[in-house]
Amino acid sequence: MSVLSRISSRGSLAAGLLVAGAVGLTVLPAEAAVADVPQFGESQSGEAPFADMMARIAEIETEMQAFEDRTAFQDPPADLRTPDPVTAPEPPSPDQSQQTGTAGIDLSGAAGMLDLGQPQTGGDQPPAAQASGSALVQRVVSTALSKVGEGEAADGTSFYGKWYDGYTKQKGFAAAPWCDMFLAWVAVQHGAQDQMGIYAYTPWHAQWFKKQGRFDTKPRVGDLVFFDWGGSKNISAIDHIGMVTGVNPDGTVSTVEGNVSDKVVTRKRSMNTIVGFGHPAYGN
């Protein structure tokens, strides 16, 4: 599978990833910082646009492959990547992960995803918070980089989609585009779900950061980077997400990304296709 992206339904943008056979909207509680998973609305229950969804995903897969072929980005040199700490702990297994964070949350809550968190309004962090945030950034980036080369199973399912099924107690993500679910898994390994957000739909993830005043075009290591392969700067047009591992002198950023050619990869990206960066509040 390729990028999680816009899904056309009856000529308009469907609000999220549609799951075949589901009716209604399930919303996770606000305190969990986990995305609600958009499903079929009441008016769509009789004619769910599953074929339209799959056609749009196939279209985006083609666009993604064409973009990769055209740009032929290479993995960044080793000195541009954030090194793994020698003593970095092994991330917990999926079973362990599901026992932490919001694995047992009640999905019947009515709070909306875009109300999660409060806007962050400037001010310097105390030195202890800065040090703690820097250490967390290093651990998060190291965990993401440790998964480079891993990919989908032969049947098109991914470890991260299956994990997301279990973590959110929702079904239908095992074979879904998993770029954002990869970063959700990384976040949970370090208890950073409140800072990074847990989403499967990239435009809503970017909007969540914007709602908090933490979305702009200035990259930092550990940021989540949002792409539109069409080159727009619109959050609603976002196709893909990755994590910044380096900010380079030539104006590019080094990244680690899931679901590129069905694998976790590193890339060196220009600003041409970047909509913006979400800044997790790692020090909070």
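Placed from the backbone N, Cα and C atoms, the Cβ positions cover glycine too.
So that you can see what the record holds, here are the features copied from TrEMBL:
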| type | residues | note |
| --- | --- | --- |
| DOMAIN | 176-259 | domain 'Peptidase C51' |
| REGION | 73-134 | region 'Disordered' |
| SIGNAL | 1-32 | signal peptide |
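Helix, strand and coil counts from DSSP across the domain 'Peptidase C51' (176-259) read 28 helix, 22 strand, 34 coil. In this model, the domain 'Peptidase C51' (176-259) carries an average pLDDT of 98.
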